[in-house]
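Notes follow the structure.
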Amino acid sequence: MSAKIIDGKRLSQEVRAECRARAARLAEKGTQPGLAVVIVGDNPASRVYVRNKAKACGETGIYSEVHEFPENANQDEVIGRIQELNGNPGIHGILVQLPLPRHFDSSRVTESVAVEKDVDGFHLYNVGALVTGSSIFPPCTPNGVMKMLEKYDIPIEGQHAVIVGRSNIVGKPMALMLLQKGATVTICTSRTRNLAEHTSRADILIVAAGKPRLITAMMVKPGATVIDVGINRLSDGKLAGDVDFESVKEKAGYITPVPGGVGPMTIAMLLCNTVVAAEQAHARLQGN
């Protein structure tokens, strides 16, 4: 048996087409969605992500601008810029590119983004809304995973979902979103004892541990859906996920590749959140 490949690249194009149509309708009414990205330092991966986001915005009809700061930037200076963007009516979404330099308090910086412009979903208000099932801006990567499961008609209710990784960006919000859809959820880490005992019981296995090829075929239930959120650069320069794709694809029912799986969906959901923020801003202007 060979798993069906969940094509994140193709699916992201469908999602982006929907966003493009909504952005065009807004533009006809006089509001072009706008996204500002704040980046601090010279992290090569972060710069690639920012370029990809800017390119995707241009292709979707979203205005974008990048605010760059050096590695030794003052935190208050960065927060001051974010506060300026909070008051800019032409900017509807603000994204702080993580990670920030070590001398920054990441929570304080992300908390400085206005709630209504928090398209990454990292503000405490939006985190709380996610807990209660009323989030307007769900975090982009978990939301992209949920969209994948939906589009491929993969059942969630009543299924056992195992998440490897407990980050605030992926693991924890992913668990909440699956719980809201009726899954039984187990959260593990790369240090969980007898990890394979947990992963091998999963109907849906989502891996976001940052450990290349952590999950092997022997750790996967036959026919399971395997979502690989990890992306790691190996010593030979090649990219690898947290799942040993070649072996696991022979055992899983569905699997995402790396690259071309979750990554494109993350950007697509960021675009959607930005359009939603612009739609809400336009409605406020109209007094609705």
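Placed from the backbone N, Cα and C atoms, the Cβ positions cover glycine too.
Swiss-Prot has this to say about the protein:
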- Gly165, Arg166, Ser167, Ser190, Ile231: NADP(+) binding site (BINDING)
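Here the features listed in Swiss-Prot are painted onto the structure.
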residue	record	DSSP class
Gly165	NADP(+) binding site	coil
Ser190	NADP(+) binding site	coil
Ile231	NADP(+) binding site	coil
Those residues of the chain, 6+ apart, with a Cβ under 8 Å from that of Ser190 (NADP(+) binding site): Val164, Gly165, Ala209, Gly210, Lys211, Leu214
Long-range Cβ environment of Ser167 (NADP(+) binding site), under 8 Å and at least 6 residues apart: Ala208
